[in-house]
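Student: Dropping the structure in here first, questions after.
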Amino acid sequence: MRIGHGFDVHKFGGEGPVIIGGVSVPYEQGLIAHSDGDVALHALCDALLGAIAEGDIGRHFPDTDDKWKGADSRALLRDVYRRVKEKGFALGNADVTIIAQAPKMAPYIQAMCNAIAEDLETELDNVNVKATTSERLGFTGRKEGIACEAVVLLVKAS
């Protein structure tokens, strides 16, 4: 059994929508990033990579490489999960916490869970996504960006 933790943050800027959890969420601004800026999937990638002792997303998909410019984070997540399977592990469960004052995530949570479960080749009840605010405190509370944390449990593949 292995546990991994991931964290990511991106600042708002430019045109919307926000891509998060593999889902397009309408908002007047997008997130500034080298890829599509999906903080949820980036945190999840880091959690998975941490659990298999393979560093972080920046090591595998560096923002200094134009190959990853505008990259679809779902493709990155699938690539990371391929590495997890190559190491002999499978997902036990994943828990993702989005920290954002805006946009409201509730209408999109189920679609996020569906996308993540599909990309991680697992049952829907092995994936949880939730959103919270920081009670108007800090950069997320001032609507300057979005943060996300993810925790995964990996089990030996059968």
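Backbone N, Cα and C define each Cβ position, glycine as well.
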Student: Can you pick which of His34, His42 Swiss-Prot lists for the same divalent metal cation site as Asp8, His10?
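Tutor: My reading of Swiss-Prot gives His42 as the candidate in that site.
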Student: Calculate the distance in Å between the alpha carbons (Cα) of Asp65 (4-CDP-2-C-methyl-D-erythritol 2-phosphate binding site) and His10 (divalent metal cation binding site), and round it to a whole number.
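Tutor: Each residue's Cα considered, Asp65 (4-CDP-2-C-methyl-D-erythritol 2-phosphate binding site) and His10 (divalent metal cation binding site) end up 19 Å apart.
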Student: Among all protein chains shown, how many Cβ atoms are found within 10 Å of the Cβ of Thr132 (4-CDP-2-C-methyl-D-erythritol 2-phosphate binding site), not counting that one?
Tutor: 12
Student: List, in sequence order, the residues of the same chain other than Asp8, His10, His42 whose Cβ lies within 8 Å of the centroid of the Cβ atoms of the recorded divalent metal cation site.
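Tutor: Nearby residues not in the site list: Val9, Leu31, Ala33, Gly37, Asp38, Val39, Ala40, Leu41, Ala43, Ile146, Cys148.
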Student: Roughly how many Å lie between the Cα atoms of His42 (divalent metal cation binding site) and His34 (site 'Transition state stabilizer'), rounded to a whole value?
Tutor: 12
Student: Return only the integer: C-alpha distance in Å from Phe61 (4-CDP-2-C-methyl-D-erythritol 2-phosphate binding site) to His10 (divalent metal cation binding site).
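Tutor: Cα-Cα, rounded: 16 Å.
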Student: Let me know the most crowded of the binding-site residues, choosing from Asp8, Asp65 and counting other Cβ atoms within 10 Å.
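Tutor: Sorting the candidates by Cβ neighbours within 10 Å, the top entry is Asp8.
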